[in-house]
Amino acid sequence: MNFFNQWLNRPRPMNAALGGLCLGLVVIAVAIEVGLGMEPCPLCIFQRVAFVAMGVVLWLGVVIPGWTVGLLAGGAALAGIALAWRHLWLQSLPADEVPACGPGLDYLVDAFPLAEVVTMVLAGSGECAEVDRILGVSIPLWTLLAFAVLGLAAVAINGLAAVKGRS
C-alpha cells in the first residue's frame, strides 16, 4: 500500500506513464492493423484519436499537473468510453438491423463538412458491427476498459495533486 501511495503523490511521473500508456495503446492498435491486416472502422479511428488526445493532455500534466489536466483527460476518457459503448452496441445488433457499410473515413473527410462526418461516423456502418476478438474479448470492450481505468487514474492522480497543492 505504501508503494501505491508513494506513486499517487507523484503526479508528474504518473502523468508521463499514463500518457505513454495511452499512446502505446495506439501503437498496439496500428501494429494489429498492419500485422493482422485488419482495416479499422471509423469508430475505431475515433477511439484512437481519443487515446491520442488523452495521452497529449497527460503529457502536458508532466509540466502542469492539477485539476485542469485531470478534467481534460477525464473528458477524453469519457468521449472514448462513449465511442466504445456505441461500437459495442453496433456489434450487438442482429444482422438484419446492422447499418449498411458506408464509404471510408478518408472519403467522408474529403467530401463532407466535419460536423456531418462526425454525425455519419457515430451513426455507424456495417464494418463497425464486425466483431474481432483478442483473448476472447471484443476490441471495443478492451478499449472501453482501458479508457475507464486510465481516465479514473488521471482524474484521481491530478485531483489529489491539486488538493495537496502539488500542482
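Cβ coordinates come from backbone N, Cα and C, glycine included.
Bear in mind that the values here come from a model prediction, so they are computed numbers and not experimental data.
If you check TrEMBL, you get these features:
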{"type": "DISULFID", "residues": "Cys41-Cys44", "note": "disulfide bond"}
{"type": "TOPO_DOM", "residues": "1-14", "note": "topological domain 'Cytoplasmic'"}
{"type": "TOPO_DOM", "residues": "32-49", "note": "topological domain 'Periplasmic'"}
{"type": "TOPO_DOM", "residues": "161-167", "note": "topological domain 'Cytoplasmic'"}
{"type": "TRANSMEM", "residues": "47-64", "note": "transmembrane segment"}
{"type": "TRANSMEM", "residues": "141-163", "note": "transmembrane segment"}
Number of Cβ atoms other than its own within 10 Å, given for Cys41 (disulfide bond): 25
Cβ atoms near Cys44 (disulfide bond) (within 10 Å, other residues, all chains): 23
